[in-house]
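First up is the structure itself, then whatever we jot down about it.
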Amino acid sequence: MSLLRSLRFFPVACTGRSARAVLLQPSQPWLTFHAGPSLSSAASSKELLMKLRRKTGYSFVNCKKALETCGGDLKQAEDWLHKQAQKEGWSKAAKLHGRKTKEGLIGLLQEGNTAVLVEVNCETDFVSRNLKFQQLVQQVALGTMAHCQNLTDRLSTYSKGFLNSSELSELAAGPDREGSLKDQLALAIGKLGENMILKRAAWVKVPSGFYVGSYVHGVTQSPSLQNLVLGKYGALVICETPEQIANLEEVGRRLGQHVVGMAPLSVGSLDDEPGGETETRMLPQPYLLDPSITLGQYVQPQGVTVVDFVRFECGEDEQVAEAE
């Protein structure tokens with residue numbers, strides 16, 4: 001702007017030519033200014049940078065470096081960023097290994113006759129509330145669901161299974177991600193900078209005549225996580241239902257709520273004598289929502305038979321978890 005201003009007020013000698021003629025004939029080649037292509041190129045680069053930043057969530061510095069490395073190719077730059085983040089994640093994971101991971105989330109996912117519970121741990125509650133961590137839990141749940149659905153059906157009765165940390169790590173990630181769950185774990189560690197563990201998963205699959213009730217306590221939900229329900233406690237309750245029951249979903253939810261609150265160790269029988277507050281069998285326990293009756297007394301008129309359950313508590317001791 002100062003250059004243009006100085007050109008406007010430059011004194012012109014009276015040589016017989018007009019000032020207009022002098023100004024339109026720059027005496028120095030470097031005074032010629034072309035605005036079109038360079039500005040257009042800069043705008044295009046900025047647009048690519050913004051697009052890559054929005055798509056990947058990585059810093060502007062890293063996105064700019066990726067575009068420069070890949071010659072402005074958006075897809076190659078995205079792949080390059082993921083590979084670099086994964087390398088950094090594995091490096092951070094090695095450094096952070098051994099740090100306590102008592103926080104985290106339980107994830108519940110149900111699709112038709114199949115339900116899964118997963119637990120992913122981190123170091124702080126702050127990170128557990130981060131969307132990137134919650135997306136990792138989602139990938140673990142989706143990977144477990146795909147694993148369960150690929151198993152051979154047992155048509156006559158329900159099936160239930162568990163996956164430990166090593167088994168979970170080897171599962172393929174969800175349908176919109178590449179690699180295994182341990183690759184997704186490395187990416188999350190690289191982004192969030194905390195030690196994390198894919199602790200465990202449980203899955204249940206039922207045929208016709210059975211139903212899976214579920215409940216998660218301390219619910220955290222995000223529209224971007226679709227049908228995934230997150231919390232600090234979770235339960236699946238397998239019921240046999242020979243007839244169609246109108247309020248089956250509500251009954252299943254209440255049974256799951258009881259399992260979370262009363263922490264039974266076994267189902268027990270309707271004929272069992274109640275053992276009071278220390279009772280660990282589910283059916284003889286005082287019903288959580290009405291302690292004046294046992295859970296068995298609540299269940300019997302509902303027309304369902306409780307046959308099994310799974311309970312997860314985030315951060316609980318591994319020996320306790322194995323016993324349950």
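Just so you know, glycine gets a Cβ as well, placed from its N, Cα and C.
Sequence annotations record features per position, and here Swiss-Prot assigns transit peptide to 1-44 based on sequence analysis.
Residues within less than 8 Å, Cβ to Cβ, of LYS75 (N6-succinyllysine) and separated from it by at least 6 positions along the same chain comprise none. Taken from Swiss-Prot, the feature N6-succinyllysine covers LYS75 (among others), and the record attributes it to a large-scale study or a structure entry.
Residues or ranges marked as N6-succinyllysine in Swiss-Prot (evidence: a large-scale study or a structure entry): LYS132 (among others).
Look at Swiss-Prot and you will find LYS191 (among others) tagged as N6-succinyllysine.
The phosphoserine annotation in Swiss-Prot covers SER269. According to its DSSP assignment, SER269 (phosphoserine) is coil. Neighbours of SER269 (phosphoserine), defined as other CB atoms within 10 A of its CB across all chains, total 11.
Most Cβ neighbours within 10 Å among the modified residues LYS132, LYS191: this distinction goes to LYS191. Cα-Cα distance from SER269 (phosphoserine) to LYS191 (N6-succinyllysine): 49 Å (rounded to the nearest whole number). When the alpha carbons of LYS191 (N6-succinyllysine) and LYS132 (N6-succinyllysine) are compared, the span between them is 8 angstrom.
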